2 protein chains.
Amino acid sequence: MLRIITQISEAEAEIQRICNRTHDDQVIHKEATVREVLQFVKRNGDSAVLSYTAEFDQQTLTPEDLRVSAAELDIAYQQVPKDLLDAIRLARRQIEAFHQQRKPKSWVQFPGQDVVLGKRFTPVDRAGLYVPGGRAAYPSTVLMNAIPALVAGVPRRVMVTPPGPDKSINPAVLVAAQEAGVEEIYRVGGAQAIAALAYGTETIPKVDIISGPGNIYVTLAKKLVYGTVGIDSLAGPSEVLIIADSTANPSHVAVDLLAQAEHDPLAAALLITPDATLAQKVVLEVNRQLEHHPRRVLTEKSIAHYGLVIVVETLEQAAELSNAFAPEHLELEVANPWDLLESIRHAGAIFLGANTPEAVGDYLAGPNHTLPTSGAARYASALGVETFMKHSSLIQYSAEALSEVADAIQILADAEGLPSHRDSVRLRIQRSS
Amino acid sequence: MLRIITQISEAEAEIQRICNRTHDDQVIHKEATVREVLQFVKRNGDSAVLSYTAEFDQQTLTPEDLRVSAAELDIAYQQVPKDLLDAIRLARRQIEAFHQQRKPKSWVQFPGQDVVLGKRFTPVDRAGLYVPGGRAAYPSTVLMNAIPALVAGVPRRVMVTPPGPDKSINPAVLVAAQEAGVEEIYRVGGAQAIAALAYGTETIPKVDIISGPGNIYVTLAKKLVYGTVGIDSLAGPSEVLIIADSTANPSHVAVDLLAQAEHDPLAAALLITPDATLAQKVVLEVNRQLEHHPRRVLTEKSIAHYGLVIVVETLEQAAELSNAFAPEHLELEVANPWDLLESIRHAGAIFLGANTPEAVGDYLAGPNHTLPTSGAARYASALGVETFMKHSSLIQYSAEALSEVADAIQILADAEGLPSHRDSVRLRIQRSS
């Protein structure tokens with residue numbers, strides 16, 4: 001079921017296939033549906049949102065139902081066990097501490113006489129946080145999206161999430177939101193939620209940036225509204241790549257592969273190892289652990305389609321294959337992970353050594369678990385405080401500083417055929433000379 | 001021609017109209033054309049690129065013509081006057097110095113016993129730089145795109161730009177490219193250039209990120225390929241907003257407005273001032289300077305459609321209107337620009353004081369001139385070294401550190417219904433206890 005391959009050329013082809021598993025041209029016809037949803041919400045506001053919620057989520061709401069009430073927010077605390085609340089609070093503290101210290105700071109400098117240069121960082125005015133429902137209603141997703149926006153200092157942080165049966169929202173999600181400083185929560189999901197955040201409705205405010213993962217409809221909607229608002233990234237199904245050597249424990253490697261596969265039938269779980277014996281043992285372990293797995297059907301599907309073990313000659317080869325995949329999560333279960341790290345160019349998050357299963361980072365180590373997928377780690381990074389901030393360049397020249405560079409500017413402006421650019425300097429120099 | 005308005009409500013409406021000047025639904029039918037170009041290049045590579053170049057640029061090329069030859073690169077230096085070369089080099093030095101010192105650096109930290117956290121910054125493998133041709137063939141655009149990629153340490157930096165008459169490329173563009181370390185240049189523009197960079201052809205390499213401004217077809221193509229590759233931003237027509245008080249020189253304010261308008265009929269140029277007399281004088285000055293303007297027709301069109309003077313009561317009101325517009329360029333031609341800065345929340349670049357016309361930043365102050373447009377400064381920032389880099393989160397736990405957080409992780413994993421997440425910790429703890 002979990003295949004082992006040993007040919008590098010086959011491995012390269014398989015890595016491409018798995019990496020492209022969501023780049024299918026079939027998304028194009030879904031795009032037409034999403035475009036329609038966006039247009040309808042843009043024109044009809046709340047009433048469009050409510051009609052899609054009835055259609056897609058089978059929940060009949062009034063405009064007054066849309067916002068989660070203060071009473072519901074309070075009650076959620078009664079519904080969450082004490083040990084879960086404590087765990088959420090531990091995670092919140094560690095995630096907040098990590099993000100807090102890496103908050104970008106404004107600065108100015110004085111590179112030459114009479115010149116001031118700088119960058120001024122400011123938060124966006126409003127952030128919209130998308131939190132999936134159903135199978136993927138995770139309090140950890142709430143923390144990982146809301147805390148960076150909180151730390152960035154975003155004045156208005158709004159969350160949207162689809163209603164479950166009886167219009168309900170998962171209480172752990174509601175508690176995590178409040179722990180992360182979000183109290184404005186709307187019961188809406190799917191492309192209609194993205195439309196509401198991008199254009200605004202009578203009830204739901206238009207925001208400046210939308211973050212958070214979702215299904216293919218949510219992702220397509222985010223891509224289409226990008227430019228009207230900012231977005232964090234286009235999230236695809238999750239993936240892990242493990243590089244392991246003979247020092248790795250086969251049972252640990254196997255459980256880490258399954259911890260990815262259990263997310264989603266489209267999740268990908270790859271092992272690359274120079275140890276053919278380890279490869280065999282991991283396959284046996286995966287089968288053994290799958291036998292009584294509570295999410296066996298889904299997890300088996302993912303392992304069968306997007307699970308893979310590649311046996312290579314050297315760890316260097318493993319690193320090169322990993323770079324070609326550019327995994328969202330990379331585990332280095334090898335004797336000297338910091339040495340191997342030098343050969344890694346592209347990965348969203350890297351887990352070093354035998355005692356760092358991905359779950360540590362998924363929940364509470366501190367760094368964000370919202371990471372680039374489907375090869376996007378070639379060019380993109382984790383969600384962070386900077387996602388919710390932007391900077392303005394600052395430039396100030398004195399009259400003297402301007403005259404020093406006046407000739408060069410005028411020559412460049414003339415070369416580009418922009419006379420008023422030239423004159424904007426020429427007229428000022430005349431005055432000051 | 002340049003209108004003055006004094007009603008705040010009218011000002012707000014006009015600002016929205018100007019801000020949305022490129023968000024028209026009319027782009028949707030252009031998208032169909034662009035999608036066709038992308039698909040055709042994806043399937044047919046060079047031959048598709050050449051056929052579009054014949055159709056759109058009226059230039060008949062062979063695959064061998066696509067890449068600009070070493071001889072052409074050399075000859076360009078003979079065609080560029082010495083003073084222009086010197087100006088390009090001054091700009092290059094200042095831009096490089098500014099970007100160099102703000103290059104993100106990798107770090108690790110040790111927040112608790114037996115825990116290592118960090119961020120490792122790495123450049124993308126390949127960057128594709130789009131440089132427009134025709135009216136907007138600017139050496140400054142080349143410098144502003146190529147230098148951040150160079151400073152980021154991107155190993156392969158590729159430029160594309162449409163061929164002019166006789167297949168030629170502007171020699172100043174070729175010189176600026178070489179000064180900024182780019183020697184792999186292809187004669188291709190438009191959506192077909194973006195397709196070639198996103199998918200690769202026989203001649204043109206697939207890249208990881210595409211940066212640089214272009215017309216509406218280029219921008220739509222960048223939006224559509226986003227996700228297959230990274231992009232810097234969706235650039236629209238340029239814009240300036242000037243806040244001026246009674247200390248400002250009307251002739252300087254006027255020339256700065258025209259320096260924006262002369263770019264493009266869609267460029268926007270706004271003045272907001274509490275001084276009604278200044279407003280009148282600026283309008284007269286704009287008319288006077290337009291009389292003999294070499295780009296009069298184009299510039300007048302821009303001023304007529306997207307030029308505006310707003311008279312307000314206070315500088316605070318001016319700042320609020322500016323925040324609603326979120327201008328690409330903001331000039332503060334006021335007595336105390338650093339005081340007014342405190343009220344500014346959104347702007348791509350801010351030019352402080354009477355002696356800092358936008359042209360200083362356009363060409364050589366150092367900060368990047370590739371900036372968010374059309375209100376995108378609400379959530380986006382200037383192009384920078386970080387555009388061409390990404391980071392991997394680093395996490396390492398010891399066995400002891402893992403056991404300390406093991407309970408919390410297992411509780412969270414159980415709450416989220418992810419048994420292998422729980423077991424990835426449980427199995428490891430068993431061993432170490």
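One-based numbering along the chain as shown.
Including glycine, each Cβ sits where the backbone N, Cα and C put it.
Feature annotations, reproduced from TrEMBL:
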type: BINDING; residues: B:Tyr130, B:Gln192, B:Asn215; note: NAD(+) binding site
type: BINDING; residues: B:Ser238, B:Gln260, B:His263, B:His329, B:Asp362, B:Glu416, B:His421; note: substrate binding site
type: BINDING; residues: B:Gln260, B:His263, B:Asp362, B:His421; note: Zn(2+) binding site
type: ACT_SITE; residues: B:Glu328; note: active site, proton acceptor
type: ACT_SITE; residues: B:His329; note: active site, proton acceptor
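Each of the binding-site residues B:Asn215, B:Gln260 was ranked by the number of other C-beta atoms within 10 Å, and first place falls to B:Gln260.
For chain A, the nearby recorded positions by a Cβ gap under 8 A number none, drawn from B:Tyr130, B:Gln192, B:Asn215, B:Ser238, B:Glu328, B:His329. If you take the Cα of B:Glu416 (substrate binding site) and the Cα of B:Gln192 (NAD(+) binding site), they are about 46 angstrom apart, rounded to a whole number.
Cβ-based neighbour count (10 Å, all protein chains) for B:Gln192 (NAD(+) binding site) stands at 30. For the recorded positions B:Glu328, B:Asp362, B:Glu416, the largest tally of other C-beta atoms within 10 A is found at B:Glu328. Between the CA atoms of B:Ser238 (substrate binding site) and B:Gln192 (NAD(+) binding site) there is a gap of 23 Å. Among the binding-site residues B:Tyr130, B:Gln192, B:Asn215, the residue whose Cα lies closest in space to that of B:His329 (substrate binding site) is B:Asn215.
Excluding the listed site residues B:Tyr130, B:Gln192, B:Asn215, the same chain places B:Pro132, B:Val160, B:Pro162, B:Gly189, B:Gly190, B:Ala191, B:Ala193, B:Ile194, B:Gly214, B:Tyr217, B:Val218, B:Ala221 with Cβ atoms within 8 Å of the centre of the NAD(+) site Cβ atoms.
B:Asn215 (NAD(+) binding site) has B:His263 as its nearest neighbour among the recorded positions B:Gln260, B:His263, B:Glu328, B:Asp362, B:His421, going by CA to CA distance. On its own chain, B:His421 (substrate binding site) has B:Ile409, B:Ala413 as residues at least 6 apart in sequence with a Cβ closer than 8 Å to its own Cβ. Applying an 8 A CB threshold to same-chain residues 6+ apart, the list for B:Tyr130 (NAD(+) binding site) reads B:Asn145, B:Met159, B:Val160, B:Thr161, B:Gly189, B:Ala193, B:Ile194, B:Leu197, B:Ile210, B:Ser211, B:Gly212, B:Pro213, B:Gly214, B:Val218. Spacing of B:Gln260 (substrate binding site) relative to B:Glu328 (active site, proton acceptor) is 11 Å (Cα to Cα, whole number). Among the residues B:Tyr130, B:Gln192, B:Asn215 said to bind NAD(+), no two Cα atoms are farther apart than 13 Å. Checked against B:Gln192 (NAD(+) binding site) by C-alpha proximity, the recorded positions B:His263, B:Glu328, B:Asp362 yield B:His263 as the nearest. Overall, the recorded substrate-binding residues B:Ser238, B:Gln260, B:His263, B:His329, B:Asp362, B:Glu416, B:His421 cover a maximum inter-Cα distance of 56 Å. In this structure the alpha carbons, written CA, of B:His263 (substrate binding site) and B:Glu328 (active site, proton acceptor) are 14 Å apart. The Cβ of B:Ser238 (substrate binding site) has 26 neighbouring Cβ atoms from other residues within 10 Å, across all protein chains displayed.
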